[in-house]
């Protein structure tokens with residue numbers, strides 16, 4: 001057994017704690033680096049910052065290319081009848097046909113929804129969207145997992161809610177399953193991971209008792225506010241059917257739109273919501289194999305069972321899950337994407353200040369996704385079958401996302417002025433004039449890039465309310481452009497420093513449900 005793996009296994013707690021500290025350490029080291037390097041290594045630091053700026057510009061150009069290509073894919077796929085596409089497939093063109101269900105080319109779908117407090121009208125829209133899928137209805141199963149701790153707060157309301165679900169969706173019959181996730185299960189943290197695990201486990205138990213073959217199912221676990229486009233399950237299933245090594249992939253849309261209540265939320269929240277959608281769309285083209293599970297994704301149900309579901313000891317469920325099948329398949333686990341959208345709610349509260357605060361709390365929760373880093377590092381150290389260069393690539397991507405991209409705007413804006421203030425001699429050096437020139441060229445390039453990005457954003461935006469004039473829509477759209485700069489120093493920065501810092505200090509995350517309407 002190699003030395004590194006032996007050490008990792010023998011001192012797992014200490015090694016895990018080390019990797020919990022590392023992201024926060026790097027973030028604060030780089031944030032304070034202008035102070036550290038002002039006197040002695042200012043030239044080296046300046047040159048490194050130039051290299052980083054050039055690399056960041058390269059990534060921005062790649063982002064724009066991916067965005068344009070991704071939007072073209074989206075326009076093409078949204079017009080396709082995916083049910084007919086699946087029916088038209090010839091058996092000779094389908095890899096590993098024996099893995100698919102024996103009774104139909106269409107995989108069975110298990111939709112597991114954790115109920116964390118949404119009102120019935122929100123959940124009904126989600127269930128209506130599932131019911132409206134252009135997909136064989138008899139092959140869609142739904143598992144609703146209610147939180148017992150919430151039911152105790154208002155048992156009468158939740159009992160009424162369950163009865164309304166059974167009445168409104170009675171045509172699902174036994175394919176609609178409702179469970180209560182018990183509170184205080186030993187070892188479980190409060191959060192979606194435990195709830196989703198319970199919803200899947202109980203559904204599998206029910207299905208197996210009925211003689212179902214679990215491998216015939218794809219499981220998807222959307223939040224309770226997410227609405228699928230009517231072609232969503234069809235497009236996802238088509239990718240599943242035609243994929244090589246289909247069990248060793250997760251399936252995720254490239255078009256994730258926070259559009260259900262887009263025009264209700266304040267301008268800053270709208271700008272933030274779209275600033276999330278565009279990078280997801282772009283990276284689905286340019287960095288597909290670097291994608292990790294996020295928010296709503298689909299995997300084979302047998303694979304979900306084999307990797308033991310989500311890690312219920314942590315409240316965060318998105319990215320940490322990726323490392324379970326990644327470890328199980330020795331690094332050969334990748335994303336397969338499609339370009340049919342899903343629609344989610346942005347964080348909303350009638351009071352604007354409360355809305356901003358609630359959005360920040362949600363992003364702090366997302367920032368705590370950094371808990372995946374020590375999980376990932378333990379997998380990479382302990383699994384000898386994962387290729388070495390795959391490990392290096394994964395480590396670099398995590399460092400890039402967790403540290404570099406979160407600090408770019410801050411370093412580009414404040415690093416050189418701080419060094420010049422602390423070391424006046426730096427202002428007479430060549431690098432001190434070269435860096436502002438480089439950054440000026442980069443900012444000019446990025447300003448030009450705003451135009452095609454804004455066009456794609458405009459095309460993806462939902463229709464405005466009928467009582468909004470064209471002038472009001474135009475002003476709203478124009479206001480959001482400078483708000484993108486503000487976001488770089490607020491929502492795109494502060495919450496994502498909070499999580500790594502608290503983890504570095506040994507704090508735990510307390511799960512908070514954000515309000516959406």
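Quick reminder: no glycine exception, Cβ is built from N, Cα and C everywhere.
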Here TrEMBL annotates transmembrane segment, and of 3-20, 21-38 the range meant is 21-38
Which range, 370-394, 395-419, does TrEMBL list as transmembrane segment? 395-419
Two-stretch contact, the transmembrane segment (44-69) and the transmembrane segment (439-461), at least three Cβ pairs under 8 Å: yes
When counting C-beta pairs under 8 angstroms to the transmembrane segment (473-494), the leading stretch of 21-38, 395-419, 439-461 is 395-419
